[in-house]
Amino acid sequence: MSEELRTVWWEADAVCLIDQLLLPHEQVVVRCTTPELVAHAIKSMQVRGAPAIGCTAAYGMALIALQSQAETVPALLADLEAGKVMLDSQRPTAVNLAWATDRLLTKARQLSAEVATPQALAAALLDEGHAVLNEDLAMCHAIGDHGAPLIPAGGRVLTHCNAGGLATAGYGTALAPMRTAFAQGRNIHVWVDETRPFLQGARLTAWELHQAGISLTLITDNMAGYMMKSGKVDCVIVGADRIVANGDTANKIGTYSLAILARAHNIPFYIAAPTSTIDLTMEHGDLIPIEERSEEEVTHLGGRMIAPVGVRAAHPAFDVTPAELITGIITERGVVTAPFAEGLRRVKEGA
Ligand SMILES: CSC[C@H]1O[C@H](OP(=O)(O)O)[C@H](O)[C@@H]1O
């Protein structure tokens, strides 16, 4: 199997990441040498996917500390508070962004009484950024271990968007069960939704699975129901951007439709996500902020206008799947099934 993918990493005083806007035909590394470049990478989706955004933002906070001109620790804390506001504002739906900036700011406050200089605090925050990344990698593999046995004997999994290594530090969430089952020698086939309008499936998931040697078929989003009705899908596994206390889950636009189709065809529908994607502060899915992205991402394809000039387009980038349509939520601490509230609290609190 190809060398394990790395999506975001720290190197030579910069947050480095694969420019996902250029995949699959170009593999270009972006070096974010300033917090503003980190913010741009998140907003523009050079890096995307909830856990990958979280890892990037964690290093973004460390970069803010390392480049701060603060002469005292309290002044550095003020810079970090402002930096959190700036980074959190780049994208609203994936909870991992605010989770990561909050973790780094909380760490800074905890250490502020112990460290003597802003430089010492900055060094400690870089270590925390490394911890976030390494924990994410471990969580992805654990999700693979818990998720692989859930793939039915037929091994035919439909997935949506990209919740693979490119959406995490590496290895992936929704793709982790397929990667792990494949590594265990199982016969796996993945139906990959292209995922209009940003084409994360066609450009990123297809690239990842092809690189890993895992069998796949690319389909347009409107083929999913046909494949299910034709008996070609054994289960659905998708990622998540925010899972709230009752199990309602925000994920890429089109996920809700898949959940309805899966229920209609009695096909198991799984969410795969690390516990960092669980947000117990929100009671239900109606509270999840849904990002509206530019109309041009719908009216244009590959930089070329596909709609008539002057035509408006809607572009909600996510939708919410109600908990009652979800068979199970695969986390690094095990699989949570209905009733979700107690199980999500258990895995989130690490019990
Ligand atoms: C493992 S999180 C992946 C998640 O993020 C994607 O959204 P985007 O590409 O806009 O960042 C999509 O919802 C994926 O399921």
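Any Cβ shown, glycine's included, is placed from N, Cα and C.
A quick note: this is a predicted structure, and the numbers were derived from the prediction, not measured.
Per TrEMBL, the features are:
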{"type": "BINDING", "residues": "ARG48, GLY49, ALA50, ARG91, GLN200, ASN251, LYS252", "note": "substrate binding site"}
{"type": "SITE", "residues": "CYS161", "note": "site 'Transition state stabilizer'"}
{"type": "ACT_SITE", "residues": "ASP241", "note": "active site, proton donor"}
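Annotated features taken from TrEMBL, shown on the structure.
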residue: ARG48; record: substrate binding site; contacts (Cβ under 8 Å, 6+ apart): GLN20, ILE42, ASN162, LEU166, ALA167, GLN200
residue: GLY49; record: substrate binding site; contacts (Cβ under 8 Å, 6+ apart): THR7, ALA94, ASN162, ALA163, LEU166, ALA167, THR168, GLY239
residue: ALA50; record: substrate binding site; contacts (Cβ under 8 Å, 6+ apart): ALA94, VAL95, ASN96, LEU97, ALA167, GLY239, ALA240, ASP241, ARG242, ALA273, SER276, THR277
residue: ARG91; record: substrate binding site; contacts (Cβ under 8 Å, 6+ apart): ILE42, LYS43, ILE53, LEU97, GLU291
residue: CYS161; record: site 'Transition state stabilizer'; contacts (Cβ under 8 Å, 6+ apart): ASP193, THR195, GLN200, GLY201, THR205, VAL238, GLY239, ASN251, LYS252, GLY254, THR255
Note to self: Cβ under 6 Å from an atom of ligand 1: which of these binding-site residues qualify? The list is GLY49, ARG91, ASN251, LYS252.
What the structure shows: GLY49, ASN251, LYS252
Next item on the list: Enumerate the residues of the same chain, ARG48, GLY49, ALA50, ARG91, GLN200, ASN251, LYS252 excluded, that satisfy the criterion Cβ within 8 A of the mean position of the Cβ atoms of the recorded substrate site; list them in sequence order.
Entry: ILE53, THR93, ALA94, CYS161, ASN162, ALA163, ALA167, GLY239, ASP241, ALA317, PHE318
Next item on the list: Provide the three-state secondary structure of ALA50 (substrate binding site) computed with DSSP.
Entry: helix
Notebook entry, point to check: Given the substrate binding site residues ARG48, GLY49, ALA50, ARG91, GLN200, ASN251, LYS252 in the record, what is the largest Cα to Cα distance, rounded to whole Å?
Noted result: 17
